[in-house]
Amino acid sequence: MNQSLLSEFGDPLARVEAALAALRAGRGVLVADDEDRENEGDLIFAAQTMTNEQMAMMIRECSGIVCLCLTDERVRQLALPMMVEANSSHYQTAFTVTIEAAQGVTTGVSAADRITTIRAAIADGAKPSDLHRPGHVFPLRARTGGVLTRRGHTEATVDLMQLAGLKPFGVLCELTKEDGSMARLPDLVAFGRLHQMPVLTIEDLVQYRQLLSERSA
């Protein structure tokens, strides 16, 4: 990862701290993964604070595949089956069946409807009957152990929410360029600068979590 591009956002630990502060304040963050992995950047918001306006931005600026990152416990609570039994995707991205709120939505595809669906899924007493299947929100099951067990955007999202003291659920979508191609690190930096969003990498988060583990040992 080209650290010089990220230098304006501080060192790795400072970048994570800035992201946590932004999430606590209800703002978005941008997370890049390794250049030898997907080499993509995701726009991420906390599920519990995400607004209709933020969802509209995500739909407008990103790929359109809006994903709700959930813990394994929440996936079980909602009785969400995995999208396929045998996952043959390259990075084993753990999609469940897609969802829609059972109440309060129309077609399910608008920004407001997707927020309604997300709120139904993350409610404290959420139950399977609160959701219809399929729908326009794509849940992802995070692996237990977070980025220390899998260096994916799903795990990074849940880790960030937990470290920020928020509900362990986040919303992500891959940032794209105007021509529809995937945004790379220079594009993330420019987008973060324009929208005053922190930019960090999954490697930053791995280092941060490892440091916390060492301090508590």
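Note that Cβ sites are derived from N, Cα and C of the backbone, with glycine treated the same way.
As the structure is a computational prediction, the values presented were derived from the model and not from experiment.
What Swiss-Prot records for this protein:
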type	residues	note
BINDING	Arg37, Glu38, Asp42, Arg150, Arg151, Gly152, His153, Thr154, Glu174	D-ribulose 5-phosphate binding site
BINDING	Glu38, His153	Mg(2+) 2 binding site
BINDING	Glu38	Mg(2+) 1 binding site
SITE	His136	site 'Essential for catalytic activity'
SITE	Glu174	site 'Essential for catalytic activity'
Where does Arg151 (D-ribulose 5-phosphate binding site) sit in the DSSP three-state scheme?
coil
Here the 10 Å Cβ neighbour count for His136 (site 'Essential for catalytic activity') comes out at 19
So for Arg151 (D-ribulose 5-phosphate binding site), how many other CB atoms are inside 10 Å of its CB?
19
Residue among binding-site residues Asp42, Glu174 with least C-beta crowding, 10 angstrom cut-off:
Glu174
